[in-house]
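This report concerns only the one structure given below.
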Amino acid sequence: MNTPTFQTKCPSCGKQHTYSTENPSRPFCSERCKLIDLGRWANEEYNIPAAPGSSQDLDAPPH
Ligand SMILES: [Zn+2]
């Protein structure tokens, strides 16, 4: 067998695993780690503070 394989580190959990083009979750070691990393990105987006001025009294009735 001459299949080129090498060990790589999962960016999510840091675990050494065999990099394979057959792994749909690469460079992560598993689907789970891929989802964890995606969740991390989502959390960062949610942490962006709300746009300033959204709570201002913009809908005061014109009198
Ligand atoms: Zn992992």
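Heads up, residue numbers simply count up from 1 along the chain you see.
Even glycines carry a Cβ here, placed using N, Cα and C.
All annotation found in TrEMBL is predicted automatically rather than curated by experts.
As given in TrEMBL:
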{"type": "BINDING", "residues": "Cys10, Cys13, Cys29, Cys33", "note": "Zn(2+) binding site"}
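Where TrEMBL records a feature, it is marked here on the structure.
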| residue | record | CB count, 10 Å |
| --- | --- | --- |
| Cys10 | Zn(2+) binding site | 20 |
| Cys13 | Zn(2+) binding site | 14 |
| Cys29 | Zn(2+) binding site | 22 |
| Cys33 | Zn(2+) binding site | 19 |
Which chain neighbours of the Zn(2+) site, leaving out Cys10, Cys13, Cys29, Cys33, have a Cβ atom within 8 Å of the mean position of the site's Cβ atoms?
Pro11, Ser12, Gly14, Lys15, His17, Phe28, Ser30, Arg32, Ile36
